[in-house]
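Asker: TrEMBL lists these features:
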{"type": "DOMAIN", "residues": "25-135", "note": "domain 'MTTase N-terminal'"}
{"type": "BINDING", "residues": "Cys34, Cys70, Cys99", "note": "[4Fe-4S] cluster 1 binding site"}
{"type": "DOMAIN", "residues": "152-390", "note": "domain 'Radical SAM core'"}
{"type": "BINDING", "residues": "Cys166, Cys170, Cys173", "note": "[4Fe-4S] cluster 2 binding site"}
{"type": "DOMAIN", "residues": "393-457", "note": "domain 'TRAM'"}
Amino acid sequence: MASQFMMINPPSSETALTAQGADAPRIAFVSLGCPKALVDSEQIISRLRAEGYELTKSYDGAAAVIVNTCGFLDSAKAESLEAIGAAQAANGKIIVTGCMGAEPEGISTRFPDLFRITGPQDFDSVMQAVHAAAPRPHDAKFDLIPAQGVKLTPRHYAYLKISEGCNNRCSFCIIPKLRGDLASRPAAEILREAEKLVAAGVRELLVISQDTSAYGLDLRYSESMFGDRVVKAKFIDLIRELGALGVWVRLHYVYPYPHVDEAIELMAQGLVLPYLDIPFQHASKEVLRAMKRPGDQEKTLERIRKWRTICPELAIRSTFIVGFPGETDEDFAILLDWLEAAKLDRVGAFKYEPVEGAAANSLGRAFVPAEIQDLRYRRFMERAQTISAKKLKEKIGRRLQVIIDVGGREAVGRSKADAPEIDGKVFVASRRPLRTGEIVTVKIERANAYDLYGTAA
Ligand code: SF4
């Protein structure tokens with residue numbers, strides 16, 4: 001599921017803003033939503049650049065404005081509608097795409113004059129709409145697009161989307177309605193993209209999907225040719241291949257299925273980062289049942305303990321929902337106890353939002369009043385903060401590998417336990433200026449609840 005929201009408005013990529021020529025039509029782009037939506041934006045921008053369109057920061061004077069929307073929560077929908085409204089106030093040709101495009105009536109009732117509304121991942125329709133707004137430049141003779149495509153993340157890390165859609169039916173989530181069932185990409189296609197990214201200087205690959213551990217199920221683990229060898233569309237095979245590329249590989253949105261144990265072995269061997277992002281969502285059996293999620297958190301605790309024996313460095317990040325319909329004080333107490341027992345390294349939480357169309361709204365379970373949701377959210381985050389502070393304190397005195405996100409003598413980076421945007425940072429003092437993307441050893445001297453401080457060794 002989506003766990004963060006980012007907005008790129010206007011496009012921040014230098015590549016995307018490179019001027020091509022005075023006559024090229026200019027397109028403005030707004031991207032909202034999670035890393036998966038960001039990857040979609042990168043694909044559309046790559047196609048625009050490949051066809052010779054120029055990107056502009058300004059709506060005014062743009063031949064069209066593309067708004068890639070997020071429809072995961074009502075708050076995200078509201079943000080998307082606001083972005084559409086702002087774009088329409090300045091420009092007559094608005095092309096809406098992304099998750100909200102799956103239900104176009106919700107948008108067209110409010111904005112009847114939009115130029116085009118297309119569904120998520122319907123890149124062909126987006127490009128057709130762009131062609132209708134501003135004919136393709138005739139003379140796109142420049143090599144406008146790098147081999148790895150346009151990336152909206154800094155050059156040293158990149159999101160790698162391995163599948164789209166989801167076969168699960170969590171009752172609070174409408175992603176399968178918006179994006180359909182699991183559709184995995186062939187392994188060779190993913191590996192070719194990963195290879196290009198690494199060749200272009202990417203030092204960290206962030207593997208994303210809706211359910212990473214289900215990768216390849218829909219393809220029945222089919223084989224494809226990567227160079228001179230056959231590769232299988234299977235979770236463990238894919239990450240082993242990615243690990244062999246020699247860069248940091250970080251796994252997001254993994255379910256604790258038994259076959260994930262094999263991935264922990266690869267982490268212990270140093271082939272992929274000892275990091276797992278598992279959205280547990282809750283710990284109470286009752287709530288998990290109502291959420292339609294696997295319900296045995298006792299077994300999961302055992303599994304986590306086993307993982308940590310195999311790979312003591314393992315960092316686990318997770319997200320939870322507090323105030324799910326029918327959540328009692330007892331359910332919430334179970335959640336807090338479980339959190340304490342699992343000692344997760346990084347934790348985020350959402351207050352339950354009754355997203356339109358989600359099955360959880362009509363389960364007949366009473367909605368938790370907003371003030372109780374707020375209270376539980378605060379208590380949950382306080383508990384998570386105490387655990388995090390304790391775990392980070394244990395790192396004082398250790399030497400950690402840190403990837404530098406912001407270079408200089410006062411640099412900012414992340415350890416293997418920190419994903420960009422969602423986890424903590426490592427603040428690094430250094431005698432020589434550190435370069436962005438460089439991986440350095442840092443002696444940790446200080447910690448607070450979320451971040452570490454140290455000196456480059
Ligand atoms: S796993 Fe559940 S929460 Fe995540 S996308 Fe699939 S249905 Fe939604």
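Cβ coordinates are placed from backbone N, Cα and C, and glycine is handled just like the others.
What you see is a predicted model, and the numbers here were worked out from it, not measured in a lab.
So that I understand the layout, could you describe where these features sit and how close they are to other parts?
Answerer: Remark: secondary structure over the domain 'MTTase N-terminal' (25-135) totals 52 helix, 24 strand, 35 coil, with classes taken from DSSP.
In the three-state DSSP assignment, the secondary structure recorded for Cys166 ([4Fe-4S] cluster 2 binding site) is coil.
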Asker: Check the binding-site residues Cys34, Cys70, Cys99, Cys170 for any whose Cβ is under 6 angstroms from an atom of ligand 1, and report them in sequence order.
Answerer: Cys170
Asker: Can you count the other CB atoms that lie within 10 A of the CB of Cys166 ([4Fe-4S] cluster 2 binding site)?
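Answerer: Result for Cys166 ([4Fe-4S] cluster 2 binding site): 22 neighbouring Cβ atoms inside 10 Å.
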Asker: In the domain 'TRAM' (393-457), how many residues does DSSP assign to helix, to strand and to coil?
Answerer: 1 helix, 39 strand, 25 coil
Asker: In whole Å, how far does the CA atom of Cys170 ([4Fe-4S] cluster 2 binding site) lie from that of Cys99 ([4Fe-4S] cluster 1 binding site)?
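Answerer: It is 17 Å, counting Cα to Cα.
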Asker: Work out how many Å separate Cys34 ([4Fe-4S] cluster 1 binding site) and Cys173 ([4Fe-4S] cluster 2 binding site) at their Cα atoms, rounded off.
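Answerer: Taking the Cα atoms only, Cys34 ([4Fe-4S] cluster 1 binding site) lies 14 Å from Cys173 ([4Fe-4S] cluster 2 binding site).
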Asker: So of Cys99, Cys170, Cys173, which of the binding-site residues has the fewest other Cβ atoms within 10 Å around its own Cβ?
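Answerer: Counting other Cβ atoms within 10 Å of each of the binding-site residues Cys99, Cys170, Cys173 gives the minimum at Cys170.
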